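What follows is a single structure, written as structure tokens, with notes after it.
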Amino acid sequence: MTKYVAVIDQGTTSTRCMVFNKQGEIVAQHQLEHEQICPQAGWVEHDPLEIWERTKDVIHGSVAKAGLVAADIAAIGITNQRETTMIWNRKTGQPYGNAIVWQDTRTDIVCNQMSAEGGQNRFQAKTGLPLATYFSGPKIRWMLDHYPGLRQDAEKGEALFGNMDSWLIWKLTGGPGPAAVHVTDVTNASRTMLMNLKTLDWDEELLSAFAIPRAMLPSIRPSSDPEFYGFTRQDGPFGGEIPICGDLGDQQAATVGQVCFDAGEAKNTYGTGCFMLMNTGTEMVHSNHGLLTTVCYQFGHEKPHYALEGSVAIAGALVQWLRDRMRVINTAADIENLAKLVPDNGGMYFVPAFSGLFAPYWRSEARGLIIGMTRFINRGHFARASLEAAAYQTREVVDAMQADSNVSLKVLKVDGGMTANDLLMQIQADVLGVPVVRPKVAESTALGAAYAAGLAIGYWKNSDDLCQNWGVDKSWKPSGDDTLRTKNYAMWKKAVTRTFDWLDESA
């Protein structure tokens, strides 16, 4: 009997279930968006119960499209938006509030207070991360401080913290109920600011600094676990017992999906944000140029692989904003044709610092800026500048990564929804001055989670099996001369500096 691997890909704007075959090809998929809740400036939330309902719906839709039953599915992998934080009650399964999304900046006060006590990099040696609103630790602390009765429940082990992977695994394994499993993997745990990168365990010093009870935290497991996290339920959305044995944060999953298994290999994912990861092997490399040190993956009981990461908060989210808030376009795909109407940006730059700036600046007080406007500017320039924002932010991350690793980028592997935009990919090649390559399966995030689950059960034997599945769909070579490339990049950098200190009352 032919078997398949199913993946739940829980992202920032949508949830989908995808079914893969042994060749790494998509057999079926179903996707649904969920609401972006913005109760006040700087706050971004998701409803965990809505996401669970969407998850059940996409599982049913995908399995039905593939014409499969539970017995046809060998294993399940999970991949998720990282850092997004929720806390729920162990007995009732009810969240204490909406999930606080990774883009949310309400924890700025927490981060500033802790930075004042020991500097923004006070935990970097252990966590590889700067103190920033991006990560889960400050979000948990904020919830504990603001939700009545939560701290008491957390100390008794009745309140459970999780990123979306933990929440979905808990629900899929029967939560609330005695069989429910409360776990996460090393990649997601490495984004909390609470895990020690060397021990791969929760760190008591970090927990004490954030005043977070250990009893509320999930157990940390490998990204590909031959011992399985647990099994889906007969009465659950899959309709049978299937092992859940792969779990990675979305960007680490994409790195696995792009088969970046050797030190020095890198990929860039274009989704809600932009995220570039470079595999540094089994050795940690700490950044001096604003990048993050993170766990890349851990397969079974092997040593973990680490990565340098450059995180950009806003990429595809800018296109979504143009569609939903500004009504500049009707669909996200319209941005490409609109941008094609002009040969360049007309001197206009758009720095989308909606949630501050992430790598390499880490400036939470920065805010979005459009500069260089004249009466010559039209909707086409606006669209092109929006695409260029993703390309220029990626260039900044590449520069930092090359400085930290002393490795020059020869080619950029890309994936994610925005890579369907051929114009953006050409702009990216032009901005970087190196070729850009899109694989046959551009949805590398879900594929990476499938690989992790499949390796755990022997569906694929090893990384060599996975590398054979990778192939080029399309590539773009850089055009234009270096003088113009340097000039335009300098203008972008100048625009970025104008966003600094916007929320600084003393400025």
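Every residue gets a Cβ built from N, Cα and C, even glycine.
Quick look at what Swiss-Prot annotates:
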- T12, R16, T272, G316, G417, N421: ADP binding site (BINDING)
- T12, R82, E83, Y134, D250: sn-glycerol 3-phosphate binding site (BINDING)
- T12, T13, S14, T272, G316, Q320, G417: ATP binding site (BINDING)
- R82, E83, Y134, D250, Q251: glycerol binding site (BINDING)
Nearest-integer angstrom distance between the alpha carbons (Cα) of G316 (ADP binding site) and T13 (ATP binding site): 10
Of the binding-site residues listed as R16, E83, D250, N421, the one whose CA lies nearest the CA of Q320 (ATP binding site): N421
Packing count at R82 (sn-glycerol 3-phosphate binding site) (other Cβ atoms within 10 Å of its Cβ): 27
Other residues, Cβ within 8 Å of R82, E83, Y134, D250, Q251 Cβ centroid (glycerol site): Q81, T84, W102, R191, G249, F275, S311
Tertiary neighbours of N421 (ADP binding site) (same chain, Cβ under 8 Å, six or more apart): A333, I335, E336, L387
For R16 (ADP binding site), the three-state class that DSSP assigns: strand
Minimum Cα separation from T13 (ATP binding site), reported as the residue among binding-site residues Y134, Q251, G417 that achieves it: G417
Q251 (glycerol binding site): nearby binding-site residues from T12, R82, E83, Y134, G417, Cα cut-off 10 Å: R82
Among T12, S14, which are binding-site residues, the residue with the most C-beta atoms within 10 angstroms of its C-beta: T12
Cα separation, D250 (sn-glycerol 3-phosphate binding site) to R16 (ADP binding site) (Å, whole number): 13
Length of the line joining the Cα atoms of E83 (sn-glycerol 3-phosphate binding site) and T12 (ADP binding site), in Å: 11
Inter-residue Cα distance where the pair is T12 (ADP binding site) and R82 (sn-glycerol 3-phosphate binding site), in Å: 9
Between D250 (sn-glycerol 3-phosphate binding site) and T272 (ADP binding site): CA-CA distance (Å): 11
Least buried by Cβ count (within 10 Å) of the binding-site residues Q251, Q320: Q320
Euclidean distance between Cα atoms of T12 (ADP binding site) and Y134 (sn-glycerol 3-phosphate binding site), Å: 14
